[in-house]
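Please read the structure below before turning to the comments.
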């Protein structure tokens with residue numbers, strides 16, 4: 001949407017000025033990547049990657065469906081009967097000699113986040129000199145503590161959301177409304193800014 005595009009355009013513009021923008025997202029839809037964002041930390045993974053349950057190999061996978069047995073077996077609705085897909089027809093790892101079952105490379109409820117990704121997030125938060133919180137409820141941890149942690153250091157935080165959140169009072173700015181409307185205006189190149 002226009003919000004994703006505004007972030008990617010701002011990142012590119014600031015990169016041209018020798019500055020860095022890093023997007024830390026809980027989203028698993030890769031919309032930031034599709035909009036053109038380069039510096040991206042997907043803390044909950046990506047629906048467009050698979051992970052082998054046996055060898056742990058992570059691979060990009062844009063096939064839809066990822067195996068023939070899953071054709072027509074998409075969005076489950078309450079009361080949907082079990083698809084009854086035989087185990088030998090489920091998606092398998094293609095690494096030599098493995099053949100383990102594949103799963104989406106996303107963090108499911110109750111699973112731990114990747115410690116290496118969290119280490120990267122900590123490094124970025126320590127360097128952060130401006131933080132935007134975009135379209136989140138600010139109640140899913142550990143991500144809900146990222147912006148308040150940065151704000152506690154005196155770094156300006158701007159929240160863009162349809163409504164206030166439990167963290168709104170900790171931030172210097174709050175822009176209420178749809179992010180697809182508020183972000184493009186806030187991140188647009190100012191007329192006095194030099195173009196590289």
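Note that Cβ sites are derived from N, Cα and C of the backbone, with glycine treated the same way.
Note that TrEMBL annotation is computational and uncurated.
Features as listed in TrEMBL:
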| type | residues | note |
| --- | --- | --- |
| ACT_SITE | 44 | active site, proton acceptor |
| BINDING | 52, 55, 93, 98 | Zn(2+) binding site |
| DOMAIN | 1-193 | domain 'Deacetylase sirtuin-type' |
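Calculated from their C-alpha atoms, the gap between residue 98 (Zn(2+) binding site) and residue 44 (active site, proton acceptor) amounts to 25 Å. Just so you know, the Cβ of residue 98 (Zn(2+) binding site) picks up 13 other Cβ atoms within 10 Å once every protein chain is counted.
Remark: of the binding-site residues 52, 55, 93, the most isolated position is 55 (fewest other Cβ atoms within 10 Å of its Cβ).
Sequence-distant contacts (6 or more apart, same chain, Cβ under 8 Å) of the residue listed as 'active site, proton acceptor' comprise 25, 26, 27, 28, 106, 107, 113. Apart from 52, 55, 93, 98, the Zn(2+) site neighbourhood in this chain, defined by C-beta within 8 angstroms of the site C-beta centre, holds 53, 54, 56, 57, 92, 94, 95, 99, 100, 102. For the domain 'Deacetylase sirtuin-type' (1-193), the predicted model reports an average pLDDT of 92.
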